[in-house]
Amino acid sequence: AIFWIWYQRTFAYSHGMDSMEPEFDKVWMGLWRVHMTLMPLFALVTWGWILKTRDTKEQLDNLDTKLEIKRYFYWMMWLGVYLFGVYWGGSFFTEQDASWHQVIIRDTSFTPSHVVVFYGSFPMYIVCGVASYLYAMTRLPLYSRGTSFPLVMAIAGPLMILPNVGLNEWGHAFWFMEELFSAPLHWGFVILGWAGLFSGGIA
């Protein structure tokens, strides 16, 4: 989050005003290319490691109590990182994106704020959210026995914000809607973001 904030404050106004300039391609599309490389790689490595090192059903049924408690702490760490990411992605960077569009004309869907929020922070918290779900299902006996509705909703709701981005960009491109938080085009962000509140029901 600190890197993205620094990057935006350093280059947004100097290189992010006109998408047709070569500097825009170098600075902002360069960051986009980094995101498009690192985020899938991060997902592949993280999810792959969790699935490859998972316990068998017999191991989970006979799990030592101390190890189980230790794993709950690890899982809380995953959830904490995930919820921190949802906050930054769904609150700080999203509100900053709206304020950017209220003062700068949108000439591309790859604006400086979009490159950070839609291609950086959203994929980051999605990877951490799915990782926390996979960790619970493969490491914790309670969650390996069935599906937890609050856990699924706490992960799936904010995850579905990313597909909603496509609808949002399509609407702005074809309806030229004003960047108001209360616009119907943004209702999906609110409803799906609120699904993160299901994390309070995870026990």
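Each Cβ is built from the backbone N, Cα and C atoms, and glycine gets one as well.
Here TrEMBL flags 30-51, 72-90, 116-136, 148-165, 185-202 as transmembrane segment.
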Across 30-51, 116-136, 148-165, 185-202, the most C-beta pairs under 8 Å with the transmembrane segment (72-90) come from 116-136
Long-range Cβ contacts under 8 Å made by the transmembrane segment (185-202), restricted to residues 6 or more beyond its ends, are 79, 83, 86, 90, 94, 148-151, 153-154, 156-158, 160-161, 164, 167-168, 171-172, 175, 177
If one takes Cβ-Cβ under 8 Å and requires six or more residues beyond its ends, the residues near the transmembrane segment (148-165) are 82, 86, 89-90, 118, 122-123, 125-126, 129-130, 132-133, 136, 188-189, 191-202
